[in-house]
Amino acid sequence: MKIILLGPPGAGKGTQAKFISERYFIPHISTGDIFRKNISEKTSLGVEAKKYLDEGKLVPDEITISMMKNRLAVDDCKKGFLLDGFPRTVTQAKALDLFLSNTGGRIDVALLIDVPKDLILNRITGRRVCPSCGASYHIKFNPPKVEGKCDVCHNDIVQRKDDTEATVKSRLDVYDKQTEPLIDYYEAQDVLSTVNGTGEIDQVFQNIKDVLKDIHK
Ligand code: ADP
Ligand code: ADP
Ligand code: ZN
């Protein structure tokens, strides 16, 4: 299955992606995680991307598309994949369609996790992440078993530098202008499914499974 996760920052894409990837045995590919890994390793891609992430702006399409083409060419993507945070612009979506059509493939479903804006700020400012495995926690809604430590790898969890109120405003603005048009884009291709993202984490996953069971072959 080839799945795209859509939704504003803080909607729960990363959280749900972990569950989906485990259940359907497809790799979870998060552009944000790839950028952050490159930033922490100070690669040339990381040095370039950092300025954009710090300001809550999008990394230019050219850089992002070429990085994703490399990632999607890796063998583990042959059985399908789950994209979290890509595409984020219509240009990226068109590049992805073209890339897939070269091998006769296409997206099976674009899942929009629908969460109203007033819930987003609390979700993002309370988010804590594991720099090592990318797991996402929330100080109130999804705390780790041991305070401050990742359940999976027991590393210290941290607040992302771009999860401050000021940067979130810029990211939401970017979402409205550049990413939201993708909803119409995938609707027009008849692959859009919207799931209610306001319930508890388990409930949202159930909503997603209900959609995917009709698509999973
Ligand atoms: P995204 O990848 O879309 O930016 P995350 O999955 O990182 O979003 O979730 C953002 C924050 O909200 C995290 O702190 C996460 O633990 C929390 N969260 C995710 N889903 C829910 C939910 N259904 N209810 C409450 N909090 C949630
Ligand atoms: P969230 O979904 O919580 O907003 P991500 O981890 O997906 O955060 O993305 C963090 C940052 O990484 C974005 O604000 C942006 O700077 C960069 N980024 C991630 N995905 C893309 C993309 N597809 N195109 C351009 N920039 C991206
Ligand atoms: Zn971890």
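Here the Cβ of each residue, glycine as well, is placed from N, Cα and C on the backbone.
TrEMBL lists Thr31, Arg36, Lys57, Leu58, Val59, Gly85, Phe86, Pro87, Arg88, Gln92, Arg171 as AMP-binding residues, and of the candidates Arg23, Arg160 the one it assigns to that same site is Arg160. Break the region 'NMP' (30-59) down by DSSP state and the numbers are 22 helix, 1 strand, 7 coil.
Site extent for AMP: among the recorded binding residues Thr31, Arg36, Lys57, Leu58, Val59, Gly85, Phe86, Pro87, Arg88, Gln92, Arg160, Arg171, the largest C-alpha separation is 25 Å. Candidate binding-site residues: Gly10, Gly14, Thr31, Cys130. Those with a Cβ under 6 Å from ligand 3, in sequence order, are Cys130. Cα-Cα distance from Val59 (AMP binding site) to Gly10 (ATP binding site): 18 Å (rounded to the nearest whole number).
Of all the binding-site residues given, namely Lys57, Arg127, the one with the smallest number of surrounding CB atoms inside 10 A is Lys57.
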